[in-house]
Amino acid sequence: MAEKIYEPQKIEQEVQALWETNQTFKATEQEDKEKFYCLSMFPYPSGRLHMGHVRNYTIGDVVSRFQRMNGKNVLQPMGWDAFGLPAENAALNNNTAPAKWTYQNIDYMKNQLKSLGFGYDWDREVATCKKDYYRWEQWFFTRLYEKGLVYKKNSTVNWDPVDHTVLANEQVIDGRGWRSGALVEQKEIPQWFIKITDYAEELLTDLEQLEDWPEQVRAMQKNWIGRSEGVDITFNLSENAADISSFDVYTTRPDTLYGVTYVAVAAQHPLALHAAQTRPELAEFIESCKNTKVAEAELATMEKKGCDTGLFAIHPLTGEKVAVWVANFVLMGYGSGAVMSVPGHDQRDWEFAQKYGLPIKQVVEPSADEPQECDLTTAAYTDKGVLVNSAEFNGLAFQEAFDAIAAKLEALGAGSKKVNYRLRDWGVSRQRYWGSPIPMLNLENGESVPVPSDQLPVELPEDVQMNGVISPIKADPDWAKTEYNGQPALRETDTFDTFMESSWYYARYCSAQNQDAMLDPTQANYWLPVDQYVGGIEHAILHLLYSRFFHKLLRDEGLVNSDEPYKRLLCQGMVLADSFFREDESGKKEWFSPADVDTVKDEKGRITQATLKADGKPVEHGGMTKMSKSKNNGIDPQHVIDLYGADTIRVFTMFAAPPEQTLEWVDSGVEGANRFIKRVWKLTQDHIDALDGDTAPAIDKTALTGDQKTLRRAVHRTIAKVTDDVGRRQTFNTAVAAIMELLNSLQRAPQSTDQDKAVLREAIESVVLLLNPIAPHMCHILWHDLGHKNDIETAPWPAVDESALVEDEKLIIVQVNGKVRSKITVAADASQEEVQALGLAQENVQQFVDGKTIRKVIYIAGKLLNIVAN
């Protein structure tokens with residue numbers, strides 16, 4: 001029979017059409033079958049898939065297909081995280097509506113996903129910008145409001161004073177509005193919040209349940225939640241400031257209380273605003289703070305600035321006066337907006353005190369068993385030690401002092417122990433257009449009420465014109481006008497943070513077509529929690545934390561009965577590619593696509609020379625960097641599919657690096673993956689006639705030769721390794737390497753007897769089955785070519801034959817004085833005496849021990865015999 005040619009484009013289109021016709025990956029609940037829900041983070045429909053998507057979704061698809069072959073009822077859905085600011089920007093640039101741009105992108109990217117052979121149940125597809133999705137989000141928000149978990153308060157935003165609009169952080173460039181160029185101001189406006197802090201302790205303690213999450217992600221969430229044990233302390237003012245007589249601070253170091261020499265408050269603290277009325281320099285300082293947005297992460301590195309309020313607080317234990325300062329490192333949104341300052345034992349406070357000439361007092365010294373320098377003229381002493389200069393608390397260590405000082409404060413009515421969290425409530429208001437409208441109504445009396453459920457969804461108009469200045473729904477007064485109980489009302493014109501949509505999409509997939517409810521609890525509880533979640537570590541905190549929070553809210557609404565949404569998490573690494581640029585006289589870099597650059601490499605594959613194809617002139621090599629539009633070094637997946645086929649991309653992305661590490665996109669590696677696929681194809685085609693499925697004999701385990709046993713052992717060791725690598729360890733690269741190694745063994749396999757053919761057939765079928773999750777198109781065809789009537793998608797994962805792993809014989813290395821002198825084959829159960837006798841009988845061994853005394857014999861069972869002689 002003429003050899004069948006490997007034509008990836010033809011094969012892949014044929015197989016994909018068959019999957020679609022047969023609805024191969026459609027999932028239904030089957031109570032008698034163990035389920036497996038595999039989910040990859042859904043993409044933002046930006047226009048085209050990038051290689052980061054391809055890697056993410058290939059991992060998810062490999063896991064899904066593996067679990068399906070292992071008898072699980074697998075759900076693997078896909079959808080679109082479709083709201084967000086980029087659509088507004090693209091709509092402006094392309095003079096179109098965000099909705100139209102988004103839906104066009106979804107159509108294109110969906111075809112790309114199909115062309116890569118991902119086994120999704122497309123009947124469960126969701127797009128978060130469609131009203132049948134966000135209506136339930138709106139409904140759920142109103143339920144949270146009714147439960148007291150939603151509230152409205154003023155919060156600071158970036159305000160463009162020229163365009164009179166709120167800007168996202170990404171729209172502020174060097175402190176100016178991206179469109180107007182005006183200096184951005186900080187402005188307080190009312191916004192909606194959800195009380196995630198009510199769940200802070202549960203979100204923290206339930207991290208212990210997530211044993212199959214990367215430790216790094218759990219640590220990041222733990223730090224973000226930021227549980228601390230401390231003391232709330234009340235400082236009275238020496239004189240009332242308007243109607244303010246005292247204020248509270250929170251500290252985790254009450255042991256340093258006697259070292260307080262000043263207190264610092266935020267620029268927006270009521271005390272600061274009161275004092276500024278009579279102190280122009282303070283008013284000016286507050287104004288400068290107001291127009292400088294400070295992220296919490298920047299506090300440690302920013303320049304510390306402050307201004308004296310002229311007010312004094314009374315130390316709660318000593319009765320001494322301490323100055324009240326306004327400081328730019330105190331944020332009103334965190335804690336009470338006031339901190340006690342201990343410059344002797346806090347480096348930030350020390351730097352501030354040095355700058356403004358404030359007193360520095362030592363109240364902690366190193367313990368006797370920890371000799372350390374404690375020179376407060378050079379830096380604060382920040383370690384926990386033993387108290388000094390602290391009245392009756394002198395000599396106490398940290399925990400004793402903590403408890404004793406807290407008890408005294410409590411007895412005086414000046415403080416109490418408190419557990420605090422760094423986590424802040426979730427502000428869900430966005431002053432953008434392309435998002436789900438927040439389902440609240442503002443009444444004439446100033447009250448806010450939820451939109452009645454029978455009036456949901458509050459629909460976002462899609463046929464709009466963007467002007468880049470103001471949201472179309474804010475610009476249209478008629479859209480906001482409505483009634484509530486016969487009285488005039490105005491709709492909320494803010495939209496939800498897009499993290500709202502991505503916080504519960506995993507659950508909607510369970511009953512995506514349900515028009516009558518957010519979730520069907522029966523379906524949701526069958527599929528949830530997600531067994532395997534795949535996505536980038538950049539989502540470790542916000543998305544994954546909000547999603548965990550949402551799951552608990554869904555549970556408390558009776559919609560799901562589990563505590564956590566995702567059992568196992570895999571965070572894939574970034575995809576890197578070579579980058580190339582030229583720098584002009586001003587230092588500005590122009591980046592060129594790798595496809596437009598010719599390179600010369602040394603013997604180690606390092607680029608030594610790069611020239612632009614267009615003009616033949618040199619360009620600089622910027623190294624391997626994350627594929628990005630800014631560096632112009634993205635590789636279009638479609639180009640690789642057209643060149644090599646989807647299976648080649650899939651094999652390369654699985655083989656080139658461990659999944660959690662960065663993957664370097666190297667053309668030679670892609671070519672290598674393609675050669676491997678062709679080798680599998682050719683080996684199978686070369687042996688199809690000899691391995692006819694109808695006439696091939698069965699393996700007779702009792703009549704196998706040594707070579708046949710060796711080959712079967714290699715096959716079943718590979719099955720065991722690949723099963724473990726894919727299922728438990730998720731080291732897909734080593735799984736592919738093991739299949740490659742087995743393939744090398746098969747190239748030399750004999751096929752002269754029926755048993756040779758039977759063993760070889762088992763081996764080749766095993767290769768096809770093991771490779772199927774990774775290169776499913778080719779394996780689908782080869783499975784049929786091997787004579788199988790059923791599709792490989794219904795074939796079980798190959799089982800390990802434990803008897804094949806048993807070795808009848810062992811190869812023993814024989815050394816004399818640590819140097820290899822011979823190799824011998826012995827029975828697997830041979831004793832040390834038998835091995836030693838056979839080893840010493842070898843001619844090459846004898847010549848190195850003749851005339852010498854054997855001092856010692858070292859035997860490592862089944863592996864090595866070392867004879868020590870002199």
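Cβ coordinates are placed from backbone N, Cα and C, and glycine is handled just like the others.
The following features are taken from Swiss-Prot:
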- 43-53: motif ''HIGH' region' (MOTIF)
- 626-630: motif ''KMSKS' region' (MOTIF)
- LYS629: ATP binding site (BINDING)
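If one looks beyond the motif ''HIGH' region' (43-53) by at least 6 residues along the same chain, the residues whose Cβ comes under 8 Å of a Cβ in the stretch are 80-82, 84, 86, 90, 102, 105-106, 108-109, 112-113, 127, 536, 574-575, 577, 627, 634-638, 653, 665.
Sorting the motif ''HIGH' region' (43-53) by DSSP state (H, G, I as helix; E, B as strand; all else coil) yields 3 helix, 0 strand, 8 coil. Each residue of the motif ''KMSKS' region' (626-630) gets a DSSP state, and the totals for helix, strand and coil are 0 helix, 1 strand, 4 coil. Note on LYS629 (ATP binding site): other Cβ atoms within 10 Å of its Cβ, all shown chains, come to 10.
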